[in-house]
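Peer 1: Straight from Swiss-Prot, here's the annotation block:
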| type | residues | note |
| --- | --- | --- |
| BINDING | D50, H52, D78 | Zn(2+) 1 binding site |
| BINDING | D78, N110, H160, H234 | Zn(2+) 2 binding site |
| SITE | D81 | site 'Required for catalytic activity' |
| ACT_SITE | H111 | active site, proton donor |
Amino acid sequence: MDLDQWISKVKDGQHLSEDELQLLCEYVKEILIEESNVQPVNSPVTVCGDIHGQFHDLMKLFQTGGHVPETNYIFMGDFVDRGYNSLEVFTILLLLKARHPANITLLRGNHESRQLTQVYGFYDECQRKYGNANAWRYCTDVFDYLTLSAIIDGTVLCVHGGLSPDVRTIDQIRLIERNCEIPHEGPFCDLMWSDPEDIETWAVSPRGAGWLFGSRVTTEFNHINNLDLVCRAHQLVQEGLKYMFQDKGLVTVWSAPNYCYRCGNVASILSFNDNMEREVKFFTETEENNQMRGPRTGVPYFL
């Protein structure tokens, strides 16, 4: 595998061959299987939210935050679906993981799922670009190996969605069997699907999966686990980044600018330096994505 050549190829807008993609997926699975459900990461590191197939904007993200391996990254899932270039997004992230495994951490999001990708675009995109479903199969097999969360210097937990009534301690996340399709309920599901809300404890989620969780729940979780902050993605934020609750114990990071080529939002990434001091960097859509505006199917954004 000539990873550097493949990286250049994908950045130039070409696809790997089906055989090359299969080789890459198998290689990355061997790296991911060694990672913990709560993968320890050292600062300095930059945390990113949903990308959703917006490849040109991902390239702008790297221009904004720095390139791997000079900058370390945690991507909090939802690499695919909705945008037109899910294949390129996931391929380049896998290539960077293969080339610099210690410098990039890839978390699973609710869209890293066979079920959702058959509805929201990734399956159809693979069919269109390869002429069959093999590429989709190779990629969705990798989904099952992606880790569930990361913890920065023991004090900041990164997870795609949010908290679970079944998870009081970080150790309980470590015990989850993750090598499977995302279940429809339970702690694994909740970590992928839950959302913070201006309530005290728990409420039913309008998404039909996960929970709404409130300020008291978040404060208690952070206290029990000696955390300063929970970082998560999963929800569009017009201003790119949003702290929740009076103690600002949780932050939503959103990294897909002008989401779905029509939402008009800015994107952000959240950097932690060696002293865990935070810096937010904002960016807007690229010209390439600007040209992609057009009629979109009426799929609710919050899934």
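Glycine is no exception: its Cβ is also placed from the backbone N, Cα and C atoms.
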Peer 1: Around D81 (site 'Required for catalytic activity'), how many other CB atoms lie within 10 A of its CB?
Peer 2: 26
Peer 1: With an 8 Å cut-off on Cβ distance to the D78, N110, H160, H234 Cβ center, who else from the chain surrounds the Zn(2+) 2 site?
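Peer 2: Apart from D78, N110, H160, H234, the close residues are D50, M76, G77, G109, H111, G161, M192, W193, A233.
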Peer 1: When the Cα of H160 (Zn(2+) 2 binding site) is compared with the Cα of each of the recorded positions H52, D78, H111, which one is closest?
Peer 2: D78
Peer 1: What is the separation, in Å, between the Cα atoms of D50 (Zn(2+) 1 binding site) and D81 (site 'Required for catalytic activity')?
Peer 2: 10
Peer 1: Using DSSP reduced to three states, classify H52 (Zn(2+) 1 binding site) as helix, strand or coil.
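Peer 2: In three-state terms, H52 (Zn(2+) 1 binding site) counts as coil.
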Peer 1: Would you list, in sequence order, the residues of this chain other than D50, H52, D78 that have their CB within 8 A of the centroid of the site's CB atoms, where the site is the one recorded for Zn(2+) 1?
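Peer 2: Checked against the 8 Å cutoff, the neighbours are G49, I51, G53, G77, F79, V80, D81, R82, G109, H111, A233, S255, A256.
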Peer 1: Going by DSSP, give the three-state secondary structure for the residue listed as 'active site, proton donor'.
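Peer 2: Where the residue listed as 'active site, proton donor' sits, the three-state DSSP reduction gives coil.
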